[in-house]
Amino acid sequence: MSDGRTLGQLLAQRGVSRRAFLKYSSYLASLMALPPAASRAMAEGLAKAPRQSVIWLSFQECTGCTESITRAHSPTLEDLIFDFISLDYHHTLQAASGEAAEAARHEAMAANKGKYIVVVDGSVPVGAGAIYSTIAGITNQQMLEETVKDAFAVVAVGTCAAFGGIPHARPNPTNAMPIRRLVKDKPVINISGCPPIPEAMAGTLAHVLAFGNVPELDSHGRPLAFFGDSIHDRCYRRPFYDKGQFAESFDDDGARKGWCLYKLGCKGPVTYNACATLKWNGGVSFPIQSGHGCLGCSEPHFWDMGGFYKPVSAPSDEVGPLAAIAVAGGAAAGVAAGLVHRAAKVKAKAAHTTVTVDDLEKTS
Amino acid sequence: MDPLEHAALSGTDEAAMAAKAEDSPLAMALLREISAALADYLETGETAVIDLKSLPMLDADRDALADLLGEGEVTATLNVAGESEVRETGYAGVWWVRHFGADRKLAAEQIEITAVPEILLAHRDDIAAAADRLAASLKTDPPEPMTTLDRDTHHV
Ligand code: SF4
């Protein structure tokens, strides 16, 4: 819990110098595509900030999001974030249990009134009086309401908290709700993904700490620094897409040559996330690099997009706003994918022949 | 240097650069950006940072840029939340800075245009803390009589 000392002072006692702040900020500025000069301001901001109280609420979820953020490889640069925050409540990670755990939550809320951050993973079931999921004798909905009341901001991590996710998939038996639908009077930052990229979670928290404000968000409430480009915009297989060279099955010649996975259902064109650049497991790979199309896990309704192996086609309601963003961002890729000319597709299917972007955009 | 010899040398430099330019247009573009930033720094004192990690750089581009910039007089290894490496390039004021994270994974890579990269400087707050620490240790723990100064006096 914060005791009035700054992070700079707290960490200096443990032998962490201001150089470490500068290094961490250079790393984040690079991740978040901030102007490199911003890293000095970020380093100063972090060093002067108090340790941030964080209350982490887990509702209808699978704990994959917690796995992701704690999946640090060794105690170095990437997990400095755990020195910057004070995780005052997290029922999976904290040592306390039962009443002591709930007391810790109330204590943190009282001591950091108006300043603490609530991280939520999991959706909140509101059907049947919200009784489908309860913790410590109260419903998730009650716990959320009670905890966000005096928060500074709410961070919804994972697609379940951000958009409802798998619990929200049709027919949504528990009437699962995303956090933004339930929290109206506090800023809610969505960091979607199933699970979200750990760097996106850490980077967003560090931004809030260093600058004391909410980073710039897209229309789905996601930080633009991590969700500004589609997978397709940054995909290394994109030249094959542009040339109309597609794998038709997972073991054909095109697949072996590393051609575009669009026809095998890749949702890259309508999915906004940083997997293609930050990658996973410490930068080792990401689904497309491992030979499988993107599932679109960071998008609303990803579970109900009509099948993981069905190519994205005509714009549906869900694709609409995304396509609009793609155009605004100067990247017509999402639109082009949504409007693939049928004849061009058939032609390409015939023998992996070349289809240019122009062909694809010549829509009926 | 003999002007003729100099001309011949810079001639080879240019030939080498032209060869590199063909290898890596990206490295050449960066070299131009660095050159402009260096001129700015001389004129206005404004430092610049180019984030290499945000560029679609292949290993070949990185190698070409490293060749073009060459090696300078200073190489420093830092132990700060993992390793970091600061190298002066063959052009004074142009530094190549690499920060490593877990498993020596490259976390950030930048070209800095400045007299000395900030991460090498000790921060004022750290110096203040060090001064306190040193003063406190002098109060509680008198130092051994044999100091470096004493040793030096023997030699004199
Ligand atoms: S459709 Fe998928 S595999 Fe093909 S270029 Fe786009 S993101 Fe990459």
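Glycine residues also receive a Cβ, built from the backbone N, Cα and C atoms like all the rest.
Per TrEMBL, the features are as follows:
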BINDING   A:Cys62, A:Cys65, A:Cys160, A:Cys194  [4Fe-4S] cluster 1 binding site
DOMAIN    A:62-207  domain 'NADH:ubiquinone oxidoreductase-like 20kDa subunit'
DOMAIN    A:227-305  domain 'Cytochrome-c3 hydrogenase C-terminal'
BINDING   A:His232, A:Cys235, A:Cys260, A:Cys266  [4Fe-4S] cluster 2 binding site
BINDING   A:Cys275, A:Cys294, A:Cys297  [3Fe-4S] cluster binding site
TRANSMEM  A:319-340  transmembrane segment
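Structure with TrEMBL features highlighted.
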{"residue": "A:Cys62", "record": "[4Fe-4S] cluster 1 binding site", "DSSP class": "coil"}
{"residue": "A:Cys160", "record": "[4Fe-4S] cluster 1 binding site", "DSSP class": "helix"}
{"residue": "A:Cys194", "record": "[4Fe-4S] cluster 1 binding site", "DSSP class": "coil"}
{"residue": "A:His232", "record": "[4Fe-4S] cluster 2 binding site", "DSSP class": "helix"}
{"residue": "A:Cys260", "record": "[4Fe-4S] cluster 2 binding site", "DSSP class": "strand"}
{"residue": "A:Cys266", "record": "[4Fe-4S] cluster 2 binding site", "DSSP class": "coil"}
{"residue": "A:Cys275", "record": "[3Fe-4S] cluster binding site", "DSSP class": "helix"}
{"residue": "A:Cys294", "record": "[3Fe-4S] cluster binding site", "DSSP class": "coil"}
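Note on proximity: of the binding-site residues A:His232, A:Cys260, A:Cys275, A:Cys297, the one nearest A:Cys65 ([4Fe-4S] cluster 1 binding site) is A:Cys297, by Cα distance. Neighbours of A:His232 ([4Fe-4S] cluster 2 binding site) among the binding-site residues A:Cys62, A:Cys160, A:Cys194, A:Cys294, A:Cys297, defined as a Cα within 10 Å of its Cα, are A:Cys294. Within the set of binding-site residues A:Cys235, A:Cys260, A:Cys266, the entry lying nearest in space to A:Cys160 ([4Fe-4S] cluster 1 binding site) is A:Cys266 (CA atoms).
In space, A:Cys294 is the closest of the binding-site residues A:Cys62, A:Cys194, A:Cys275, A:Cys294, A:Cys297 to A:Cys266 ([4Fe-4S] cluster 2 binding site), judged by Cα positions. Listed binding-site residues: A:Cys160, A:His232, A:Cys297. Those with a CB under 8 Å from a CB in chain B: none. By the rule that a residue counts when its Cβ sits under 6 Å from some atom of ligand 1, the binding-site residues A:Cys62, A:Cys65, A:Cys160 yield nothing. Each of A:Ile231, A:Arg237, A:Arg238, A:Tyr241, A:Leu261, A:Tyr262, A:Gly268, A:Pro269, A:Ile288, A:Gly293, A:Cys294 belongs to the same chain as A:His232, A:Cys235, A:Cys260, A:Cys266, is absent from that list, and has a C-beta within 8 angstroms of the C-beta centroid marking the [4Fe-4S] cluster 2 site. A:Cys62 ([4Fe-4S] cluster 1 binding site) sits 14 Å from A:Cys297 ([3Fe-4S] cluster binding site), taking the C-alpha atoms as the reference points.
The two recorded residues, A:Cys194 ([4Fe-4S] cluster 1 binding site) and A:Cys275 ([3Fe-4S] cluster binding site), show a Cα separation of 12 Å.
Cα of A:Cys260 ([4Fe-4S] cluster 2 binding site) to Cα of A:Cys294 ([3Fe-4S] cluster binding site): a distance of 11 Å.
Cβ proximity to the [4Fe-4S] cluster 1 site centre (mean Cβ of A:Cys62, A:Cys65, A:Cys160, A:Cys194, cutoff 8 Å) flags the following additional same-chain residues: A:Glu61, A:Thr63, A:Gly64, A:Asp121, A:Gly122, A:Gly158, A:Thr159, A:Ala161, A:Gly165, A:Ile166, A:Pro195. Within 10 Å of the Cβ of A:Cys260 ([4Fe-4S] cluster 2 binding site) there are 24 other Cβ atoms, across all protein chains.
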